[in-house]
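Report on one structure; see the data block that follows.
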Amino acid sequence: MPTSTKSKTKTTTKKKTTRKRVTPGKNLVIVESPAKAKTIEKYLGRNYKVVASVGHIRDLKKSTMSVDIENDYEPQYINIRGKAPLINSLKKEAKAAKAVYLASDPDREGEAISWHLAHILNLPLEEKNRVVFNEITKDAVKNAFKEPRQIDVDLVDAQQARRVLDRLVGYSISPILWKKVKKGLSAGRVQSIALKLIVDRENEINAFIPEEYWSIDGEFKKGTKKFKASFWGIDGKKHPLKTNEDVIKVMERLDGPDFNVDKVEKKERRRNAPLPYTTSSMQQDAANKLNFRTRKTMMVAQQLYEGLTLGSQGHQGLITYMRTDSTRISPVAQSAAHNYIADQFGEKYSKHGSKVKNASGAQDAHEAIRPSNVFNTPDAIAKYLDKDQLKLYTLIWNRFVASQMVAAIFDTVKVNLSQNGVIFIANGSQVKFDGYLRIYNDSDKSNMLPEMEENETVKKANVKPEQHFTQPPARYSEATLIKTLEENGVGRPSTYAPTLETIQKRYYVRLSAKRFEPTELGEIVNKLIVEFFPNIVNTEFTAEMEKDLDEVEEGKRQWIEVVDQFYKPFAKELENAEEGMEKIQIKDEPAGFDCDVCGSPMVIKLGRFGKFYACSNFPDCRNTKAIVKEIGVKCPLCHEGNIIERKTKKNRIFYGCDRYPDCEFTSWDKPIGRDCPKSGHFLVEKKVRGGGKQVVCSNDECDYQEEKQK
């Protein structure tokens with residue numbers, strides 16, 4: 001059985017087969033998840049049985065490369081371990097079914113799952129048994145079943161090419177890193193670029209030399225109304241203030257309170273509504289506005305897509321498919337949004353009928369992420385959602401509705417003030433028509449200036465010079481890293497969350513104040529990959545490869561050709577790395593105390609979950625200890641031990657007693673060593689929204705709290 005979907009000549013290699021069926025029963029529908037199966041079965045009725053494959057049923061073997069390089073990069077698939085009972089059950093159900101429909105997700109991975117199911121169940125590729133829908137609603141599902149299609153082998157080839165390329169890179173470079181650096185390391189097409197971006201930014205920060213500069217801000221009065229203006233220049237030319245001497249020269253030219261209004265420039269400015277969400281823009285906004293990690297965003301979005309029970313409405317899918325780089329909105333959804341906006345705010349707020357241009361490279365079989373039913377407002381369904389589901393749904397709903405509204409219009413005014421050739425500029429703006437801002441909060445606020453005319457006089461109230469220093473570029477957050485990867489054409493919607501997870505799991509980077517900081521190990525690995533595999537971390541090279549893979553999806557290129565084009569030069573780089581890469585010894589840091597088992601010095605080692613203490617006499621002595629941080633508070637449970645800061649395997653901080661397991665005290669919040677004056681329970685320090693901390697009672701039923709601390 002050939003494992004590629006097509007030969008080089010693009011002729012389908014799978015022969016048509018005839019299946020003998022027993023007495024026809026129900027129509028069998030196979031989806032990925034049980035939650036999705038439950039929703040769809042209710043929509044389709046008694047003549048359909050919907051079952052779940054629970055993700056992929058076949059994959060490449062984990063213990064080997066599983067790609068036959070000598071035979072056109074043929075992937076060597078096996079049934080996933082532990083899925084034999086499920087596969088047997090699917091075969092039995094398919095044999096008894098009247099017809100079999102494959103309704104996995106509407107993307108490359110979903111198409112590949114359907115292709116593997118067709119192979120396992122011996123379904124002809126010519127058969128129209130593939131059903132796709134972008135939202136799990138009754139109408140969308142029923143309409144999709146009216147138009148089943150063949151499995152899209154181009155889409156499968158694109159997925160298979162990516163899978164093979166990832167194997168070739170990961171399973172070729174990783175063993176070299178194991179030999180030269182340490183076990184458990186990995187490299188990958190997207191993760192190595194993400195790591196390089198983080199390391200490069202850290203190098204920029206370390207090399208940054210702050211430069212001094214100054215500003216002069218003034219407060220002025222027109223009658224009783226005050227407004228602000230900032231120094232711009234001298235004698236009609238912009239004049240930067242680099243030193244205190246520059247400031248003194250300006251201040252010496254100021255004489256008295258009167259400033260002349262030289263110029264008043266009024267304009268009308270339009271600000272268009274934001275586009276509806278793609279996967280990456282949703283991830284960025286969820287990180288910035290909701291403080292969600294990327295993985296959490298995708299997990300909650302999956303729940304909203306697969307559906308929740310909404311009282312009398314029953315089980316409903318709440319959003320469209322959440323892995324997309326399209327900003328397209330269907331005409332039906334546009335019409336529904338128009339009706340909602342016109343009803344709630346008036347016709348003048350709706351931009352019904354306007355077309356949206358997609359970003360270059362967007363896979364436009366999908367829509368943008370939007371609510372399945374715009375009339376399911378966040379307030380209307382809030383009681384059926386948990387707090388995280390409601391937060392993300394509200395974000396998606398607001399963004400979609402705003403995207404279908406007209407631009408906001410601002411009146412802006414720019415006023416030039418001068419005295420003795422010293423020029424200050426005041427800028428003001430006022431919302432003339434709120435447009436999409438009616439529903440979508442924006443950071444810009446109106447800054448009203450008093451009405452002024454040219455050649456009149458205003459009074460200076462005070463002028464304040466202030467020293468500043470230029471700041472280094474900020475470290476990447478999850479949101480800014482995803483944005484940079486997307487802007488460079490690296491990766492696709494489905495790759496961002498697992499990429500960020502992998503570079504943290506390998507301890508190449510750590511999150512410090514929600515920003516990525518490279519570890520020593522990450523810097524070592526990055527240096528080696530940059531030196532020996534420059535194309536892997538070249539964003540232009542990787543973006544070009546993504547375009548080639550998109551052409552495979554469009555049927556314009558053969559996947560084997562694209563893989564071969566990459567692998568031949570890559571194989572030479574592998575040979576050079578095997579010969580030229582020197583072995584690197586990561587030195588253990590002395591811990592400063594001796595082993596309590598054998599007396600040898602303890603050292604600090606780097607493991608999968610971070611640093612830990614270990615005996616230097618390993619393997620003769622295997623004594624290890626967790627690195628703990630005392631917070632200076634006695635245990636509120638046993639009153640004998642000390643509270644220490646610890647981390648879960650997922651790197652979440654919690655607090656526990658150092659007498660564990662004799663004392664099992666734990667708390668997610670930091671105890672402060674005082675008891676609540678109302679309930680007597682111990683007090684804890686909680687982080688509060690908007691930054692800062694607050695001391696509250698650890699007893700949820702007690703409302704005691706102290707003032708917020710910044």
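Cβ from N, Cα, C; glycine included.
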Which range of 42-47, 186-191, 372-377, 426-431 is region 'Interaction with DNA', per Swiss-Prot: 186-191
Of the residue ranges 229-257, 287-315, 490-518, 635-663, the one that Swiss-Prot records as zinc finger: 635-663
Annotated range (Swiss-Prot: zinc finger) out of 55-81, 676-702: 676-702
Secondary structure content of the zinc finger (595-621), with strand meaning DSSP E or B: 0 helix, 13 strand, 14 coil
Cβ packing number for R323 (site 'Interaction with DNA'), 10 Å threshold: 25
Structural state of R506 (site 'Interaction with DNA'), classified by DSSP into three states: coil
Per-residue Cβ crowding (10 Å cut-off), top of recorded sites Y171, W178: Y171
Distant-in-sequence neighbours of the zinc finger (595-621), which means Cβ under 8 A and at least six residues beyond its ends: 184, 505, 507, 510, 519, 521, 586, 588-589, 627, 647, 649, 651
When distances run from the Cα of H56 (site 'Interaction with DNA') to each of the recorded sites R162, R163, W178, the nearest one: R163
H56, R162, R163, R506 as recorded sites, winner by CB count within 10 A: R162
Which recorded sites sit within 10 Å of Y171 (site 'Interaction with DNA') - Cα, from R162, R163, W178, R323, R506: none
